[in-house]
Amino acid sequence: MFFSKAGKAAVEWAKGSKVPYKEFALTLEKIEELSGKKKVDELAQFFTKVLDFSPDDLTACVYMSVNQLGPSYEGLELGVAENSLIKAVAKATGRTEGKIKEDLRAKGDLGTVAQQSRSNQKMLAVPKALTVPTVFNKLTEIAKLSGTSAMNKKVDAISALLIACQGIEARFLVRMLAGKMRIGLGEQSVLSALGHAFTLSKITDQKVRGDKLDSLKDANVKRVKTAYCECPNYNRLIEVALTEGVEALVEKCKLSPGIPLKPMLAHPTKGIDEIMRRFRNQTMTCEWKYDGERGQIHKREDGQIFIYSRNQENNTTKYPDIIEKISSCIGDGVTSFIVDAEVVAIDEAGLILPFQVLSTRKRKNATDDNGVKVVVFLFDLLYFNGEPLVRKPLRKRRELLRTNFKKIDGSFYFATSVDTNDTDEINSFFDEAVQNKCEGLMIKTLDTEATYEISRRSHSWLKMKKDYVDGVGDTLDLVVMGAYSGVGKRTGVYGGYLLGCYNPTTEEYESVCKIGTGFTDEDLAEQYKILQDKKIDKSPSYYQFDHTLKPDDTFSPYLVFEVKCADITISPRHKAASGLTDDGKGISLRFPRFLRIRDDKNSDDATSSEQVLEMYKNQEAFANQKIEKADAVDEDDEFEEKEDEEEELNMTNVSEGSSKENPVKEEIKKETPKSVSPKKFEKKPPVKSSPVNKSPVKSSPIKKEAEKKKGPVASIFSSSTKKNEKDVKVESPSPIRKKKLPSDSDESDEETSTNKKQPAKKRSRVAIDSDSD
């Protein structure tokens, strides 16, 4: 028998019957009102009841708790547009769409509007009670609808479900359909609740309490989370737990080809000094950081091959050319594997193209003839011939990768790398990577603390990019919460945006800056078009920003911008990390600049509040920064639109009352150095051998082949992947040493000057970090 904390028997339904949807909705209502650990406890009680009375329904309950219909890689998504939901609510309740919209403006939550509309509706007969499996199956059917009349069919199906809802059920049904539950319950909390439930459902002795019970729950939570990391499939996880026990999860739910895992990610770093501090007395390797898309390539024992994105989306149909050619890359005796790689766009000469180009590739049936040509850079092996390798050190994984896979010219290569702890060599290797259209370097431990940490951003991997060396340690991916109407040159489009980070604990978006810099006219036109379908009448309750920042138009969380900035500061108005700072104030960006749209990220994948706080604390100036000084700066006074200057395209950020030039203008306007042909590299004197490595420089066979074709392909593959066999050709001042690269011009000093009026250049959108690390 399951007992609540009050000691009384919890509300039950008949054993063996289906879980009532109302019981699930009431649980969500309670969770919405609770905070912290109490949310997990409440959900754990519900899961325990399900295990006791209707264990077959547990999988549907768990998926609905995380607002999913299946594993991410199956691609079943709800996310019904707000306008369609309004139509369905109006149809189900007999009210006009205008009245529904009016209530929505007042309430700010369509789920609440639907609940009240149904409660006020007179019914001739009480509808049959909904069950969790019934709702889950209906939602799955709705998600699978496609074709020209799919939206009308969805509205009809949703309307029918709403008619069957009673009371609180309508609120959470609509929220699920919208794709946002907004109860402050993240996936990690659901996994914890599941671990607690597996513990509580087995305990019949009420004397098992206190530390002993907590210890049992903690052990099972660890089992559940470990199993889910390697096998992110609730169907499989719950099946094993029910049939073989929670103790069998780690052994039975291992990494398996065909089930993508969330990749290991890197922490940003601003220079060599930080790298050497982090990796003191550790062997490490440096790899070029390619400007592409993360590609997780799986081969099963039956020969099927799949390619998944960093978000576990199935990209197999996007890269049929890779699937077709990969067999030639696989060595003899290889039966199954999971490879971590980077897919990069190249031109006909083999020159690396930016991620912006790759993002234009067709999502289905793309080839060299009708799409963007790509190559694959392999850098890690996670599973090989039936054995998971994630707990083995990188050196061993890399050895197996290079032994059992082959380079195929024009298609597959190993990531260009060098094993070294010498700062001069790292500097030179960084310069070479930047010269060859890469974003910078990935620095990784080889032997100690060198396992593959699934779904974690680890300090065992560091990324050093050209865009933030000696500046803020990383770019940010921020959600567009709202926009401000444009004037002057920007009349008819949006002139600027309100951006926010994501707080996964509260499931809220917290404002972090206003932005109006870095956009081309093409960018603004494209964004305006995209956002028209995302407009909502009122800022939702899960948007946190000061009333003085209210935008002209507000949007549902959809579009994600990659942004860089000069500085991160305490803010009296912005809400980012406001509950995490010492004084409770928020954090904001100074001189933010748009880089590109992150098509590969959902709104919940945006930079988190904790990451923003960490970036603030990691600034070099943090130790000397006084809050009083930070408070004196109103970062939004720097948001100014140049509406009367025909020659100016971009907005200029100016501090109120300041006549000084933008202090970040040099740093943010440097362009990527132009690619240099292999012959130009050879004219420069080679870098002197370091004390660590005095072996002669060897010429890469790939480079020789490329030179015969008289193309710059050698620029991509010029360095050896073996220790002490580097092919570093460029001797140029490193940006790490605060000097410009030879290709930097003084134009960047003029381009953002606030005292001079210079014609704005028509530039292509800067394409940088795909954050595919």
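Even glycines carry a Cβ here, placed using N, Cα and C.
Within the chain, the region 'Interaction with target DNA' (180-189) has long-range Cβ neighbours (under 8 A, six or more residues past its boundaries) at 28, 31-32, 35, 39-40, 43, 65-67, 109, 172, 225, 504-507, 540-542, 557. Annotation comment: Swiss-Prot describes 180-189 as region 'Interaction with target DNA', evidence class similarity to another entry.
According to Swiss-Prot, the feature ATP binding site maps to Glu287, Arg294, Glu342, Lys444, Lys463, an assignment based on similarity to another entry. Annotation note: Lys463 (ATP binding site) sits in a strand segment as assigned by DSSP.
Marked as active site, N6-AMP-lysine intermediate by Swiss-Prot: Lys289. There are 26 other CB atoms within 10 A of the CB of Lys289 (active site, N6-AMP-lysine intermediate), with all protein chains counted.
Around the Cβ of Glu342 (ATP binding site), a 10 Å sphere holds 23 further Cβ atoms from the protein chains shown. According to Swiss-Prot, the feature Mg(2+) 1 binding site maps to Glu342.
For Glu439, the entry in Swiss-Prot reads Mg(2+) 2 binding site, with the evidence type similarity to another entry.
If you look up Swiss-Prot, you'll see 633-649 marked as compositional bias 'Acidic residues'.
The compositional bias 'Basic and acidic residues' annotation in Swiss-Prot covers 658-685.
Per Swiss-Prot, compositional bias 'Low complexity' is recorded for 687-700.
A mean pLDDT of 86 is what the model gives for the region 'Interaction with target DNA' (180-189). The ATP site in the record is lined by Glu287, Arg294, Glu342, Lys444, Lys463, and its two most distant CA atoms lie 17 Å apart. Geometry remark: Glu342 (ATP binding site) versus Glu439 (Mg(2+) 2 binding site), CA distance 13 Å. Here the region 'Interaction with target DNA' (180-189) is broken down by DSSP into helix, strand and coil counts: 3 helix, 0 strand, 7 coil. DSSP assigns Glu439 (Mg(2+) 2 binding site) to coil, not to a helix or a strand. Separation of the C-alpha atoms of Glu287 (ATP binding site) and Glu439 (Mg(2+) 2 binding site): 11 Å, rounded to the nearest whole number. In the three-state DSSP reading, Glu342 (ATP binding site) counts as strand.
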